[in-house]
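Trainee: The structure's right below; bear with me while I get my questions together.
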Amino acid sequence: MTAIGNATMGSHDAGGHAIGTVILFLSFAVLAGCICKLILSQVLKNKFPAPFTVIVLIFGFTVGMIISHTYGMSNDFLLGEKELREINPHLIYYIFFPLLIFDSAFNSRFHVIRPQIISAILLAGPGVLISITIVAVFATYIFPYHWSWLLSIMFGSILSATDPVVVVALLHESGASKSLAALIDLESLLNDGSAFVIFMIFRDIVVGKSDGAKKIIIDIFKFTIGGPVFGIACGVIAVIALNMAHNKLEVEIISTFGLAYLIFYVADVELEVSAVLALVAMGLFMAKYKYCISSQVQVPMANTWRIITDFANILIFIITGIILAHSLIDTKT
């Protein structure tokens, strides 16, 4: 019993220590990201107008390159970096995606983007298909990897997902029309959803889950129609429920976070529809009926979401930079 107890305690201590090292590295990453943002906004604003996420990515890449050359060294900081670098991709998917997607949709100005919906759908539908096709042609016939068309289309769908943060920020600074910025912002939301749907469909074909034309057609309708329908239905329920919580700041703010994660999980795992499109649809529906949020709560809620998404972006891009650095070193060796 003593030996078993000691072994159990040892495993708990090892697991606890590993979590502690991850928290140590995350604390460093967040503080470093804040310093990067401070320097960018106060020192380099006019001299080096680079987007914040790119600066954080470069910083993460630099940290990864330095750590990759620390052969034979071992401490809590390096162990935390290693644990974080080897994090399960599904964990990143389920932790960060709901935050970033719902925030972009829910905190959009619906009265501005409403006239742009048709144009955004055209860009995110036929536009994305054209983009994916062009990339797939290059990947198939020009790249030296001898990929099949299915793999090339998956690759094209990955590259066709856009991040409009930098573009929209530059448009606002240059005095461009709000409708143009709204069109780009809305198109990117729908673009991400459609590109992800295409990736999932072709991934299922590659792994053998979709083995017939009928199944593929069903999957297309399930992803493209099922996700938005589920999202709008959840948006209706959310608007009704939030209307009942009048001037309850904590309840209203925390509820939106819970809704984002719950809807994303149910859509993706339980219903197997597009979780991205479900969240976009729910977020846009709630943005249209923003009055469901008490007027005194709307500003604190927007600020809370902005802080959390900044936090998420710092972690995502630092982790991405570190993984890129180690991947580059591994390919060279």
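Including glycine, each Cβ sits where the backbone N, Cα and C put it.
Sharing the record's features from TrEMBL:
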type     : residues : note
TRANSMEM : 18-40    : transmembrane segment
DOMAIN   : 43-327   : domain 'Cation/H+ exchanger transmembrane'
TRANSMEM : 52-71    : transmembrane segment
TRANSMEM : 91-108   : transmembrane segment
TRANSMEM : 120-143  : transmembrane segment
TRANSMEM : 149-171  : transmembrane segment
TRANSMEM : 223-242  : transmembrane segment
TRANSMEM : 273-291  : transmembrane segment
TRANSMEM : 311-329  : transmembrane segment
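On this model, are these features tucked inside or out on the surface, and what's nearby?
Mentor: Sequence-distant contacts of the transmembrane segment (91-108), counting only residues of its own chain at least 6 positions beyond either end whose CB sits under 8 Å from a CB of the stretch, comprise 182, 185-186, 188-189, 192, 256-257, 259-261, 263-265, 275-276, 279-284, 286-287, 302, 305-306, 308-309, 312-313, 315-316, 319.
Panel annotation: around the transmembrane segment (311-329), residues 26, 29-30, 32-34, 52-53, 56-65, 67-68, 81, 84-85, 87, 92, 95-96, 99-100 of the same chain, lying at least six beyond its termini, place a Cβ under 8 Å from a Cβ of the stretch.
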Trainee: Short question: which residues 6 or more past the ends of the transmembrane segment (52-71) have a Cβ under 8 Å from it?
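Mentor: Hits for the transmembrane segment (52-71): 29, 32-33, 36-37, 40, 78, 81, 85, 163, 165-166, 313-314, 317-326, 328-329.
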Trainee: Same chain, outside the transmembrane segment (18-40) by at least 6, Cβ under 8 Å from its Cβ: which residues?
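Mentor: That would be 48, 50, 52, 55-56, 59-60, 63, 76-77, 79-81, 83-84, 310-311, 314-315, 318-319.
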Trainee: Given a Cβ distance threshold of under 8 angstroms, which distant residues of the chain, six or more beyond its ends, lie next to the transmembrane segment (273-291)?
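Mentor: Hits for the transmembrane segment (273-291): 97-98, 101-110, 113-114, 189-190, 192-194, 196-197, 200, 222-224, 226-232, 234-236, 238-239, 256, 259-260, 263-265, 267, 298.
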